[in-house]
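Some features that TrEMBL has for this protein:
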DOMAIN    38-82  domain 'Homeobox'
DNA_BIND  40-83  DNA-binding region
DOMAIN    85-286  domain 'TLC'
TRANSMEM  94-114  transmembrane segment
TRANSMEM  134-153  transmembrane segment
TRANSMEM  160-179  transmembrane segment
TRANSMEM  218-237  transmembrane segment
TRANSMEM  257-278  transmembrane segment
REGION    293-338  region 'Disordered'
COMPBIAS  312-326  compositional bias 'Polar residues'
Amino acid sequence: FNLPLSLELFFRFIAKPCAINLGIQDSGPHRAQPNAILEKVFTSITKSPDGKRLEGLSKQLDWEVRKIQRWFRHRRNQDKPTTLTKFCESMWRFTFYLSIFFYGIRFLWTAPWFWDTRQCWYNYPFQPLTSSLYYYYILELAFYWSLMFSQFTDIKRKDFLIMFVHHLATIGLITFSYMNNMVRVGTLVLCLHDASDFLLEAAKLANYAKYQRLCDAFFMLFGVVFIVTRLGIYPFWILNTTLFESWELIGPYPSWWLFNGLLVTLQILHIIWSYLIVRTAYKALVRGKVSKDDRSDVESSSEEEDVTSNSTKGVFSTSSNGSNRINGHVASGQWTEE
């Protein structure tokens, strides 16, 4: 099984044709005008010059400061992936999250610990590891390792550190629970987290394809499912059994503290993300339009930023393919009116 080859085949024969059929072109952002002096500064000194350096370059080139700022923005953006590439990557993640979620539901539906969490600790640690459970774990672990490495090559986002901690905690939990045969409760954690992830990727796909209403609907649905599962079901179902039921049935032991420490770390991250989601939804309700996602890229890749800096920005920051659109959303669109 060759994962890179599989991804390449998925991108070429499934994701890319879907993107093209939706009108997404394989065209990158506007390229910066060739300039040897600015290119040297960009590659050797800084990609975001301060005011003093901008003034010096302005005198040296006899350019307006605003023109130089625009050049650096275009130069930074031309290294970013195209909307088509982002669509293919999101479609891959959407396919995985959706498939693994339904696989998990199908597997857990007949598992006794899905209906009674105390079953997670009966006869522990002498619990059989079935082949279906093993492959469930291995697939999830491989996927999160891929996210860990790809985070350093993807577009840098504001929550880079939070996501890095999340991936570390997730990989640590999957590995630790497998090594300690805590796979029963581990499957509950995995399935619960997969419940909302595919909705976020669906919203991104709709955004890249410029289906505004569908994007907003998926994002709002994602927010509801995320908060219900991460702030409701997770602490009262998962943490309840790992902290209290396990203490009662098998008692605490050294690795028990580490396991629950990682689970509580995830809960803290859930609270932070829920706050960002609620803040985004609140801005949308107050302004009557969807505001920019608080998890968006550090810098917008829109080429119309200069003339539309006061316009509406979309939920997800993507390359704009239309002259009246920013981040994949209609600049004047209001989701509350649609």
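All residue numbers here begin at 1 and follow the chain in the order shown.
Every residue gets a Cβ built from N, Cα and C, even glycine.
No curator has checked TrEMBL annotations; they are predicted automatically.
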Structural state census, the DNA-binding region (40-83) (DSSP three-state): 30 helix, 0 strand, 14 coil
For the transmembrane segment (218-237), distant same-chain residues with Cβ under 8 A (at least six beyond the ends): 117, 188-189, 192-193, 195-196, 199-200, 202-203, 206, 266-267, 270-271, 273-274, 277-278, 280-281, 290, 315
Mean of pLDDT values spanning the domain 'Homeobox' (38-82): 86
